[in-house]
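Visitor: TrEMBL lists 1-17 with the feature signal peptide. Under the heading domain 'Partial AB-hydrolase lipase', TrEMBL lists 46-103. Summarising the annotation, TrEMBL assigns active site, nucleophile to SER178. Under the heading active site, charge relay system, TrEMBL lists ASP348, HIS381.
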Amino acid sequence: MGFRCWLLVITFVLSLGFQCELAGAHGQRQLLQSLEAADDGVCTAVVSPQGYECREYEVKTQDGYILTMNRIPQGRGGGSAGKRQPVLLQHGVFMDGLTWLLNPPQQSLAFVLADNGFDVWITHGRGTRWSRRHESLDTSDPAYWAWSWDELASYDLPATVGFVFQQTGQKLQYVGHSMGTLTALSAFSEGKLVDKIKSAALLTPVAYLSYMTTPIGRAAASAFSGEMLEALGVAEFDPKGVVGTNFLESVCAMPGVNCYDLMASFTGLNCCLNDSTVDMYLKYELQPTSVRTLVHFSQTFRRGVITKYDHGSSTANMAAYGQSSPPEYHMSNIPHDLPLLLSYGGGDMLSDVKDVQLLLNDLSNHDADKLVAQLVMEYAHLDFVMGVNAKQVVYDGLIEFFHRHS
């Protein structure tokens, strides 16, 4: 059966489960529906209706991309006067800032942090729904998509972190999920941002991908699928568009790939998501990225090392980097006194336990009191941002970690 048919089946089954969900999830779904009914942003559609103050900002990167950021400066009940500790939430690939707001307030990290005294800043990465503008390029122009996660580490993070630092006058706490951990680790390894970051919590840390077990990811990377799209002149990958649907259909048809449960075959079997949240994720949250980003991930998987994007020839690499092969990111160069929390799942097919161990090996000389590693055996990739029990399992410890390093 084709991918489109399976997506319809999945959505139908999840819609049946939705009828049994709690009122909080029902209300969250109604709020998200306003994202389609009108061209409302996150503040108007999702945050303010739930009783939280919300502000929207635009930030321009050094290479001309105009990014939207949202700010929840305090909890639902207001709070005591005085400066609150700023915390930046950075989403992963195929997501945007809505990731942190899909569950009811008592389960969504952005709201949990605001209610616990933090000044919460939410990013929306370039190319996603609310960050598709550029000072001179249009999204229909392939040049708009001529970036990989290198540029997210080199341009987007410095722009957003720098903006929050300038607005608040304080160093930030940082939370990244999936690709949002990779970009931060890459930046830290080159000495970037560390003067503006107090500590970083990395949920499902992605660095090495050698042991990635996701059937879709391994099949696509092994078949050089991203390079084939790039060779065909495809620059944007929209998982809900024609190119994305056809691409997934072709991967799901490969031997050994079973896409019956599409989400589980990509992320691992998430233990603790409610059906309504999964339904909302599939409908609202799958976001575009660049084909080059997918190629870059494929390169990391195939080569077993973390390098900058390989442009495909010695000449092109020489022009970009001054050397014939792409430079390597050395995670061991991350400052040893930068407080890091790594929280990862035993069922995660994207951020496999063995790959996280390779990262921890690189961090073996880190100051012992500045490195915390938490393995949640039952969790997979999306449980960390959408799990109904993530507050108790992950977020409470994350908040305590931030307080300890504030």
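Glycine is no exception: its Cβ is also placed from the backbone N, Cα and C atoms.
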Visitor: For HIS381 (active site, charge relay system), which residues in the same chain are close in space, meaning a Cβ under 8 Å from its Cβ, but six or more apart along the sequence?
Guide: SER178, THR204, THR267, GLY268, ASN270, GLY345, ASP348, MET349, LEU350, SER351
Visitor: So for ASP348 (active site, charge relay system), how many other CB atoms are inside 10 Å of its CB?
Guide: 29
Visitor: Average the pLDDT scores across the domain 'Partial AB-hydrolase lipase' (46-103) and report the rounded value.
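Guide: Across the residues of the domain 'Partial AB-hydrolase lipase' (46-103) the model's pLDDT averages 93 on the 0 to 100 scale.
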Visitor: Have a look around SER178 (active site, nucleophile) and count the other CB atoms within 10 A of its CB, chains all included.
Guide: 27
Visitor: By DSSP, what is the split of the domain 'Partial AB-hydrolase lipase' (46-103) into helix, strand and coil residues?
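Guide: Helix (H, G, I), strand (E, B), coil: 10 helix, 22 strand, 26 coil.
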